[in-house]
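Visitor: This is the structure I want to talk about, given as structure tokens.
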Amino acid sequence: MAYPMQLGFQDATSPIMEELLHFHDHTLMIVFLISSLVLYIISLMLTTKLTHTSTMDAQEVETIWTILPAIILILIALPSLRILYMMDEINNPFLTVKAMGHQWYWSYEYTDYEDLSFDSYMIPTSELKPGELRLLEVDNRVVLPMEMTIRMLVSSEDVLHSWAVPSLGLKTDAIPGRLNQTTLMSTRPGLYYGQCSEICGSNHSFMPIVLELVPLKYFEKWSASML
């Protein structure tokens, strides 16, 4: 989860988020090099009197500043497209969970089970226990097995919402009348927090998401106790 004065991303917990972090660092390096070059040229122009007032054309320079940006864009676009296709790929999900957005709570349905569904509301600040997080805790957590491919179906009952868990690299819009899907897989157990990421009314800030990723045997015990 995020913490005060944090400058970077949350720790990656899924393969997709790890790829996104690598892509961020890759792109940031390119942007840093371009910015350094531009600042160097500007400082050179301001501190020297070297000019080329007699130059009418420079085919070599024009060729370079046409080809070089194209190469840079390709270096950014190729890994970006790779990650985009990885995020859309769904292969043999172990479990399917449907998340429905409401004003202002989430409801979940485990579609592989006959009767396993519940609503998830934020716990008010006055009811928090010691050690619990303000505005992030819910009364019913989404319990999922770790190291398994989970398919999430996301929609809404009323207005636009967005189901987002940053540490897993997830953000899927919840649109009324439309069913969007995404996949998640956690590489380690733990609690992972998210929030609605689409302004949806006065209580938009009070729609937290809590995923509890556990080993498969504990998930089976939990699902049996919920039926």
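Including glycine, each Cβ sits where the backbone N, Cα and C put it.
The model shown is predicted, which means the values in this text are computed figures rather than measured ones.
Below, the features straight out of Swiss-Prot:
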- H161, C196, C200, M207: Cu cation A1 binding site (BINDING)
- Y218: phosphotyrosine (MOD_RES)
- 1-14: topological domain 'Mitochondrial intermembrane' (TOPO_DOM)
- 88-227: topological domain 'Mitochondrial intermembrane' (TOPO_DOM)
- 15-45: transmembrane segment (TRANSMEM)
- 60-87: transmembrane segment (TRANSMEM)
Visitor: On the three-state reduction of DSSP, what should I expect for M207 (Cu cation A1 binding site)?
Guide: coil
Visitor: Output the one of C200, M207 that, of all these binding-site residues, has the highest number of other Cβ atoms within 10 Å of its Cβ.
Guide: M207
Visitor: Tell me which residues of the chain lie with their Cβ under 8 angstroms from that of C196 (Cu cation A1 binding site), as long as they are six or more apart in sequence?
Guide: G101, W104, W106, H161, S162, W163, A164, H204, M207, I209
Visitor: What parts of the chain pack near the topological domain 'Mitochondrial intermembrane' (1-14), using Cβ distances under 8 Å and only residues at least 6 beyond its ends?
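Guide: Residues 20-21, 24, 133, 136, 166-170, 184-188, 190-193, 213.
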Visitor: Can you list, in sequence order, the residues of the same chain other than H161, C196, C200, M207 whose CB lies within 8 Å of the CB centroid of the Cu cation A1 site?
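Guide: What remains near the Cβ centre is G101, Q103, W104, W106, S162, A174, Q195, S197, E198, G201, H204.
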Visitor: Fill in the CA-CA distance, Y218 (phosphotyrosine) to C200 (Cu cation A1 binding site), as an integer in Å.
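Guide: Y218 (phosphotyrosine) and C200 (Cu cation A1 binding site) have their Cα atoms 35 Å apart.
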